[in-house]
Amino acid sequence: MLEFYGKRFESRLLLGTAQYPSPSILADAVRASLSRIVTVSLRRESGEARAGQDFWALIKALGVAVLPNTAGCHTPREALTTAHMAREVFGTNWIKLEVIGDTDTLQPDPFGLVEAARILCDEGFEVFPYMNDDLIVAERLIEAGCKVLMPWGAPIGSGRGLNNPYALKTMRAHFPDIPLVVDAGIGVPSHAAAAMELGFDAVLINTAVAKAGDPAAMARAFALAVEAGRLAYEADPIEARDMASPSTPLLGKAFL
């Protein structure tokens, strides 16, 4: 069972709530995904206050855990301010910490990320840092107090899947006891299954579901892929080989 900061969940699929065509389609997708955790962004525009209230009511009606994020923040100061606002609005110490370093690739800023993570952990937040796949950055985040890591598979919204499976596999081996979630870049269910087969604890999906022709059906497909990938990992799959290995034994075979 998936566990974050002492809370346990049956589903290993986390779902983002942005970019859906309508609130009802979002609700259908969340239900179809069987996800018990959704990420939400704090809306700061006062003109959208009523829309924000309706959205929050919808999320509460779904009965899922909420993971607020600091999407769009480019400095530690911005991220800290957003995190404090999110804690007040959503009533949770959880925060998905994003400090973006590049506007083209949306690659996280590792220096600002570690700085913000250290401050937030000291203030009692339970931090889920969106990071690259660098082991040293991961070490620094753990030292700062993070008990979950969320390395990217590929740039946000790119749908490219796992750009560097070797780095992700190495991270899994290096941190066997830290919950790891592939966050960003997943495009199709097979990408999610591949991440789970590497031993990752969960995946976070948003664009691949929200922008699909049928978001609810895609959410269900991802749920099945995540389950299949986890089962495959637990079943201890065979190692890839460069040469063939016969699957049919020669014992008992007639030689003519």
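Each Cβ is built from the backbone N, Cα and C atoms, and glycine gets one as well.
Over in Swiss-Prot, the protein carries these features:
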- Lys96: active site, schiff-base intermediate with DXP (ACT_SITE)
- Gly157, Ala184, Gly185, Asn206, Thr207: 1-deoxy-D-xylulose 5-phosphate binding site (BINDING)
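What Swiss-Prot annotates, mapped onto the structure for a quick look.
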residue: Lys96; record: active site, schiff-base intermediate with DXP; CB count, 10 Å: 25
residue: Gly157; record: 1-deoxy-D-xylulose 5-phosphate binding site; CB count, 10 Å: 17
residue: Ala184; record: 1-deoxy-D-xylulose 5-phosphate binding site; CB count, 10 Å: 27
residue: Gly185; record: 1-deoxy-D-xylulose 5-phosphate binding site; CB count, 10 Å: 21
residue: Asn206; record: 1-deoxy-D-xylulose 5-phosphate binding site; CB count, 10 Å: 21
residue: Thr207; record: 1-deoxy-D-xylulose 5-phosphate binding site; CB count, 10 Å: 18
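A Cβ within 8 Å of the Cβ centre of Gly157, Ala184, Gly185, Asn206, Thr207, the residues given for 1-deoxy-D-xylulose 5-phosphate, is found for these other residues of the same chain: Gly16, Ala154, Pro155, Ile156, Ser158, Gly159, Ile186, Ile205, Ala208. Here the Cα atom of Thr207 (1-deoxy-D-xylulose 5-phosphate binding site) is found 17 Å from that of Lys96 (active site, schiff-base intermediate with DXP). DSSP assigns Gly157 (1-deoxy-D-xylulose 5-phosphate binding site) to coil, not to a helix or a strand.
Distance from the CA of Lys96 (active site, schiff-base intermediate with DXP) to the CA of Gly157 (1-deoxy-D-xylulose 5-phosphate binding site) is 17 Å. Cα spacing between Asn206 (1-deoxy-D-xylulose 5-phosphate binding site) and Lys96 (active site, schiff-base intermediate with DXP): 14 Å, rounded to the nearest whole number. DSSP assigns Ala184 (1-deoxy-D-xylulose 5-phosphate binding site) to coil, not to a helix or a strand.
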